[in-house]
Amino acid sequence: MAENLKGCSVCCKSSWNQLQDLCRLAKLSCPALGISKRNLYDFEVEYLCDYKKIREQEYYLVKWRGYPDSESTWEPRQNLKCVRILKQFHKDLERELLRRHHRSKTPRHLDPSLANYLVQKAKQRRALRRWEQELNAKRSHLGRITVENEVDLDGPPRAFVYINEYRVGEGITLNQVAVGCECQDCLWAPTGGCCPGASLHKFAYNDQGQVRLRAGLPIYECNSRCRCGYDCPNRVVQKGIRYDLCIFRTDDGRGWGVRTLEKIRKNSFVMEYVGEIITSEEAERRGQIYDRQGATYLFDLDYVEDVYTVDAAYYGNISHFVNHSCDPNLQVYNVFIDNLDERLPRIAFFATRTIRAGEELTFDYNMQVDPVDMESTRMDSNFGLAGLPGSPKKRVRIECKCGTESCRKYLF
């Protein structure tokens, strides 16, 4: 039995910091965790709980890492070397003073409710940092994820699991493609039209990896059976998110949102919408539950027929947090790579315009597609234009809060 377990590993339920705390509490050294006899009794500031000023001397109530709250002590400013923690403490203090009293001058003693708020804020920051670390440990894409909440005390969402690709539900099979292209150069010298041509469609990208098809047209990328390599210009969506993105708390009642930390060029791929693939019947059952929550995470895959739905409520990637806008900067495309079943496309977001660093990413939950000239879409004359993937399931009338000039007032 032991031999069968060699080389196996499991995820630890405790974070690195939590394990270090346990070692110090138990007075155990652990070289793997960086806890030795030399630093076992070192005191490290976990966060600051309170503040007071006596005869021009500043004091802080310090919560020490690895020690209970009852062991917190008042320390003079000169004893503390934690510049980052001190700076964040005063930033949070000033912001809350402005919110409560419309002034930012620090009092000599803090009101108990204000001190309690600062403790809760410090604990929230730790929880969000742990969540950020978990997200980055699970992501398989190049782009990093940061998390930010400067609005309220909400922490990480409960029961949400970050995934990088579809989670296939019971009774659903994703059939792998059997053949691939034989191209020497898929963009400039495609053999038989490459993978798009094999499906009687046109090549989707230019030499910069930007989509050049009209919205509503499918994208066929090269697959795992193709002769071309990783650098093939027809492999874009499958390479995953390449931009650094931030999950942030909105200040206008829209919950969490996503902003880009980098400039994104027009028509560039941004992210996929992933979640659980479930049948439409199961989606109807879950939808009745989500209705009471005002949820909009059910996304119909109705490229050719409404058979399957993507549910990103509990399993999803960063697209789970992207908000609606009636004037969005992201457009949805159906993408086919290793599975060519037209009932099960992958859902990809592309930029509709140049998006500045720091700008929020949005898509239209009730998207529509303009009519497209049939001859410009597919290579044969029997093509009937299939539409965009379905919007998140439209069940209840939800008020829109996007605030754009073209706002329709309701999501659905």
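Cβ atoms are placed via backbone N, Cα and C, with glycine included.
For 1-89, the entry in Swiss-Prot reads region 'Interaction with SIRT1'.
Look at Swiss-Prot and you will find CYS181, CYS195, CYS222, CYS226 tagged as Zn(2+) 2 binding site, backed by similarity to another entry. Taking a C-beta cut-off of under 8 Å and a sequence gap of six or more, CYS195 (Zn(2+) 2 binding site) has these contacts in its own chain: GLY180, CYS181, CYS186, TYR220, GLU221, CYS222, ASN223, CYS226, ASN234.
The feature Zn(2+) 1 binding site is assigned by Swiss-Prot to CYS181, CYS183, CYS186, CYS194, CYS195, with similarity to another entry given as support.
Residues near CYS232 (Zn(2+) 3 binding site) in space but far in sequence (CB under 8 A, at least 6 apart, same chain), listed by position: CYS186, CYS222, CYS226. For CYS186, CYS222, CYS228, CYS232, the entry in Swiss-Prot reads Zn(2+) 3 binding site.
Predicted-model confidence for the domain 'SET' (243-366) is 93, expressed as mean pLDDT. What Swiss-Prot lists as domain 'SET' is 243-366.
DSSP assigns GLY255 (S-adenosyl-L-methionine binding site) to coil in the three-state reduction, outside any helix or strand. Annotation for GLY255 (S-adenosyl-L-methionine binding site): same-chain Cβ neighbours under 8 Å, separated by at least 6 residues, are ARG249, ASN323. Sequence annotations record features per position, and here Swiss-Prot assigns S-adenosyl-L-methionine binding site to ARG254, GLY255, TRP256, TYR297, ASN323, HIS324.
Within the same chain, the residues at least 6 positions away from LYS266 (N6-acetyllysine) whose Cβ sits under 8 Å from its Cβ are GLN210, ALA351, THR352, ARG353, THR354, listed in sequence order. In the three-state DSSP assignment, the secondary structure recorded for LYS266 (N6-acetyllysine) is coil. As annotated by Swiss-Prot, N6-acetyllysine applies to LYS266, with the evidence given as experimental evidence.
Per Swiss-Prot, the feature Zn(2+) 4 binding site maps to CYS326, CYS400, CYS402, CYS407. Taking Cβ-Cβ distances under 8 Å and a sequence gap of 6 or more within the same chain, the neighbours of CYS407 (Zn(2+) 4 binding site) are CYS326, ASP327, CYS400. Annotation note: CYS407 (Zn(2+) 4 binding site) sits in a coil segment as assigned by DSSP.
Of all the binding-site residues in the list CYS183, CYS194, CYS228, CYS402, the shortest Cα-Cα distance to TYR297 (S-adenosyl-L-methionine binding site) is found for CYS402.
DSSP assigns HIS324 (S-adenosyl-L-methionine binding site) to a strand. Close to CYS228 (Zn(2+) 3 binding site), meaning Cα to Cα within 10 A, are the following binding-site residues out of CYS183, ARG254, TRP256, HIS324, CYS402: CYS183. Remark: TRP256 (S-adenosyl-L-methionine binding site) has PRO157, ILE247, PHE248, ARG249, THR250, PHE321 as non-local neighbours, by Cβ distance under 8 Å and separation of at least 6 in sequence. For HIS324 (S-adenosyl-L-methionine binding site) paired with CYS194 (Zn(2+) 1 binding site), the C-alpha to C-alpha distance reads 35 Å. Neighbouring residues of the recorded Zn(2+) 3 site, listed in sequence order and excluding CYS186, CYS222, CYS228, CYS232, comprise CYS181, CYS183, CYS194, CYS195, CYS226, ARG227, GLY229, PRO233, ASN234, ARG235 (Cβ within 8 Å of the Cβ centroid). Taking CYS183, CYS194, CYS402 as the binding-site residues under consideration, the smallest Cα distance to ARG254 (S-adenosyl-L-methionine binding site) is found for CYS402.
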